[in-house]
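The Mg(2+) binding site annotation in Swiss-Prot covers Asp8, Glu61 and rests on sequence analysis.
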Amino acid sequence: MIIGIGSDLIDIRRVAEVIERHGDRFLNRIFTEAERAKAERRAKNEKMVVATYAKRFAAKEACSKALGTGIRHGVWWRDMGVVNLPGGRPTMQLTGGAAERLKALTPAGHDARIDLSITDDWPLAQAFVIISAVSLATS
């Protein structure tokens, strides 16, 4: 059963402006170490670096909406990180207040699953998050 849906659309140029203005202070406040490492591996192409950050920013916004909190009520930027599953599919890894909120949303006898779709087409980046409760009972 679906327990949360969130989406976000962001102008990649806005993210570029914020990075230009605030640099590491912004990057350290918003992104996990794994997210920063992924973006910096694309350092040969500045547009790809910024698009990578923008997609992850949009994913965090979408996830916070799916959690029903936004970026408040104990859910902070670095509590949510985009990671890739072994096959390459992106998902969200939650810690801290975001993980606590997810646990509170998940009904007893269920596990939470977070599905994430991220994309970019200059100058826009988009993310869509669906949080589902999957029954632990076997068929």
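The backbone N, Cα and C atoms fix where each Cβ goes, glycine too.
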Query raised in the report: According to DSSP, which kind of secondary structure is Glu61 (Mg(2+) binding site) found in, if we only use helix, strand and coil?
Result: helix
Report summary line: Row Glu61 (Mg(2+) binding site), column other C-beta within 10 angstroms, all chains, value 21
